[in-house]
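Student: My questions will all concern the structure given below.
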């Protein structure tokens, strides 16, 4: 019966588990793990190489050294298994138990665990409410602590130095007890009554007023509750028993020459054992106190070093001055257990080799060298050889393969057929870095790669290497074929556009084919079909570029899928007609009837995919490639030095610029301009000269004039090779051609400033030594930048993946009605991103109506595809509310409707799709293309003259957004609100452009008026800020006393006098409290009110305001009472590129953030303190007013008496994301981060869908702070996952209790990763020690929800195909958890049940 049970136990070894709990180990638990106590520091006998008894490698404790053989050799072989040898005490079993059997050391004196002592905040310190400094002094025997005060005046936990202790002893005798060392701390911890303490603290919390004290108590309360609920005991933070790691995990390996290589842990354990034994001896001898104390301190230090070397004091070093690697070092960092062995493993059945081009391959194939294939597919070959009876045993098969017999190759062909392999190129930045192909056997040793997948791999053939992996199991092969095949990865997951677009040679070939040339041989011929064109081309009757007329046949596919043929005659060229042969049926000929540049080809493939689906697109892409290569070869496009045509005008342009520079130089020498102005002017002159030269050059290159058949001059695009390469998008750009044939232009110094003498030469003319030297700066900086960039970009990707890794689609629809409002992105009047691109592939959250009616155009929950977007554009909708992951209500994960279309597949996203990782990869992958630098606004850019008007680009009608205005005497509108915007609407009601206009803008047109393109419709003075009156009347000066609060200045030229208000700092003591203002009064002298309010019309004047009016003057509505000079804001460095993206995702506060209004209300200024102004906002409803101190030098946008809305900008600057979230809500912060990140990527021409950024933002917003706890378990001010609060609140509401209220919090990605619910994921990211300490104290359990945790414990991930597996498991578990009725059974029944169980277990295996 016992054997049966043992067998059962072995059966259920791979028990399914659903979580991992971490906690503190009690001394008894450690003893229960142990197989014996390690008493001696010896390791192995250096003569016999046998482990020493009771030593660190003892066979009796840890198990036999050889399989099924005891140490003395009495029992050998399998038949004795389980016997314990009576001579040497070793159990006869497998030697692998030495990897799992632990030992222990009984410590002679307790020792504090350094993690709970030193990991901040110190858990032991928090528990005892003592400072870390004090506890350390007790532990390391520097002072005493009172444990039992007895009847004395001492307090428990009071520190006593040696002298104080002796004094107390004299005074009180043995009334009290005080100790030092870990024993003292142990007793203090043991004496804590958790329940009582918790109750006490919960009671005193509400009455605490001081913020710091409250925080401290809350922290302590949380710790105590964690201990209480998890069942950990505080005294377990002090070790009495030390576990010993199994010996095979800290091996001792003999090297040749009689030396040993050993794990550092053995040294560390040896020190502990030595000191422990010495301490035991000293205690037995009753040695003097001071010696024992010293030994105890040394023991404490050696245990510290074993657990975490270097955490306290100097690290213990080995013989070679290198710090020893402790247990903590084993798990943390890039080389630690987590990142080296659990998250990244080496893989068998893999090989790597150099890659080369396979231009004849199909898209789903790769060329695999025979040698590699033979090695990789060995087991399959052996199996086949045996199955065919060609070899009798595996050994024979092995021999055959080694000899490379002819049959082996036949078998290999068969094995490889339909067996995909995976190709990977490092660095794998996104999921397209590993794709599956069908291998084609080739001679040679290099892997052949299909040219079209190079873009996805970012591969080129200059020596890149790639790795091959073989999917072994049937499931793996199936997944490789169905999901990872290169033909299934045509669209990029980052933006949904084709990623297999042709580039370089292919583009050049197709472009060359589709160009037209005037007077080409065969021009003007008529052809009845494309076949006839082909004959004419083949016989040489017509050349490739001749303009001809051809009758073509097109297949049109209707909405219901029926195909109809249409014939028409088109004007085209021979080349384009030939291209139409490979065009799949159902695509219009117009798609190829144009110059086929890279953009056009990409669009062609995209159209093909959307209209005809995957299969046709793949075949078409291959055909395009073959055609492109063929015609690129035929074209013979090559670059010769004469192709770089230098424009004749260059020399005159350069001479003109030099003359201008001389003129400026003279002005500078005669003192008319400053050095800075001169420098800026010179740079401007050269920059514009360069522009002119390059313009002349491009005009010269791009067209040539020919005489056509009718004898008339006609311009045609040039066939210059360099121009064709740039124009088609195959290689090079206008900027590069400019350096070849124009002039190199201005160069930068290493510090980023521009050198004012440009390089006038170009590469064709050649550079002289100085010019070459100047050029080297930029080149070197570029290389240094690239190296830094790669590391930074990789780290950003890692943080992004870590924060988003557990986000998976888990349901169809969460049912939320919330969403984000999408409008076209308009900047400075231009539409940067039309609405179509922003909503394509998203789901509608709120019905979209036909404009101006109540009819629904697109109902809620519609997935907007291309056809729907066409419809929206047709009805000129310019605002759609779409579902977003940020507003998704699913608890753990998101729903498909909130995510929308799977960009790489083009349909609604599937369950189990790991959208978090995809988002992180999409944002991180282009990271290396972003720049690293911060831009200094200087030179040409900074003097972009301040804008002072709006000139419209499109005709339409004028519309104002959140603007208040008054009409002045000229009948023009004057804006009197901030953050107003002015938009131009076309006749369909679509917004074409939008501009921000400041306070005091004068509009030339009324609202709704029609404007023509090019009209100037708004003017303002950029250098002063007016104060506009909203009522007419006569003015009264209040508190404006000459010489006290103001001075009069007279302009010498005009003789006009004006009043200047003095700044508070410049006034005498009399004027400090005065508030100069202008009051408006009616004819009878009574106060006038601002229209629509009870507020008297009075305008406060800030310091340095200029008033051009006299007291009692009459004014009209819309007049300026005063002007405040604006200092141009200091030139700030604009952080760009990668650092900017990192700052946004880390939610870092900018240096001088914009100050936003915390509440809505009226502005006033209170009493000033030195260097600061006191800003007061009084709400209209008479609630609590809000005060804020603002430094004097900040440029405020608001004036006394103005009304502001909550979240409005008070002082300019970069806005902080946290402020936006707090004051304007979640939608605004999402929009802000998305737009800011997109700006950086757009600048580099990288397209990323907004969805991906939103996914990361959702993860940044997943925590919240409890504002009031209601009836919940949460503490006020506690940081909790939003989903947990929502679940708890739902339960509370169901029970009719008060739910908790919370405020969302924005965390940077690093913080958010570390704050995740899963401690395994957080520990494997960063700060391993801190995370594990916290988790252990709280007794946290990890439910293994995310991908990372599951990879670490070695399971399928709960995403993709693993999602189904986990789902079925969870469903089964839910079923199993239903309560079961238990009946008592007899012993015989139990035996019968056991037998059944065994049969069942056997059948399941």
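Think of each number as a place in line: the chain as shown, counted from 1.
Glycine too: its Cβ is placed from the backbone N, Cα and C atoms.
Copying in the features that Swiss-Prot gives for the protein in this structure:
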- 70, 72, 85, 88: Zn(2+) 1 binding site (BINDING)
- 460, 462, 464: Mg(2+) binding site (BINDING)
- 814, 888, 895, 898: Zn(2+) 2 binding site (BINDING)
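Describe the structural context of each listed feature in the structure shown, including burial, neighbouring residues and relevant distances.
Tutor: Listed in sequence order, 85, 87, 88, 90 are the same-chain residues at least 6 apart in sequence whose CB falls under 8 Å from the CB of residue 72 (Zn(2+) 1 binding site).
A C-beta separation below 8 Å, combined with a sequence spacing of at least six in one chain, links residue 464 (Mg(2+) binding site) to 354, 355, 425. In three-state terms derived from DSSP, residue 464 (Mg(2+) binding site) belongs to neither a helical nor a strand segment and is classed as coil.
Within 10 Å of the C-beta of residue 898 (Zn(2+) 2 binding site) we count 29 further C-beta atoms, all protein chains included.
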Student: Give me the long-range Cβ neighbours of residue 895 (Zn(2+) 2 binding site): same chain, 6+ apart, Cβ under 8 Å, in sequence order.
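Tutor: For residue 895 (Zn(2+) 2 binding site), the qualifying residues are 809, 810, 811, 812, 813, 814, 888, 889.
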Student: If you measure from the Cα of residue 898 (Zn(2+) 2 binding site), which of the binding-site residues 70, 460, 462 is the nearest?
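Tutor: In terms of Cα distance, residue 898 (Zn(2+) 2 binding site) lies closest to 460.
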Student: Taking the Cα atoms as reference points, how far is residue 70 (Zn(2+) 1 binding site) from residue 460 (Mg(2+) binding site) in Å?
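Tutor: So the alpha carbons of residue 70 (Zn(2+) 1 binding site) and residue 460 (Mg(2+) binding site) sit roughly 59 Å from each other.
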Student: Out of 460, 462, which has the highest number of nearby Cβ atoms, where nearby means within 10 Å of its Cβ, if these are the binding-site residues?
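Tutor: That would be 460, with the most Cβ atoms nearby.
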Student: Show, in sequence order, which residues other than 70, 72, 85, 88 on the same chain lie with their Cβ within 8 Å of the centre of the Cβ atoms of the Zn(2+) 1 site.
Tutor: 71, 73, 74, 75, 87, 89, 90
Student: Any idea what DSSP makes of residue 895 (Zn(2+) 2 binding site), helix, strand or coil?
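Tutor: DSSP assigns residue 895 (Zn(2+) 2 binding site) to strand.
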Student: DSSP three-state call for residue 88 (Zn(2+) 1 binding site): helix, strand or coil?
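Tutor: Coil, per DSSP.
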Student: Residues other than 460, 462, 464 within 8 Å, Cβ to Cβ centroid, of the Mg(2+) site?
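Tutor: Nearby residues not in the site list: 355, 459, 461, 463.
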Student: Counting all other Cβ atoms within 10 Å across every protein chain shown, which of the binding-site residues 85, 888 scores highest?
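Tutor: Per the Cβ count, the most surrounded site is 888.
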Student: Which residues, same chain and not among 814, 888, 895, 898, have a CB within 8 angstroms of the centroid of the CB atoms at the recorded Zn(2+) 2 site?
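Tutor: Neighbours within 8 Å of the Cβ centroid, excluding 814, 888, 895, 898: 811, 813, 816, 883, 885, 887, 889, 890, 894, 896, 897, 899.
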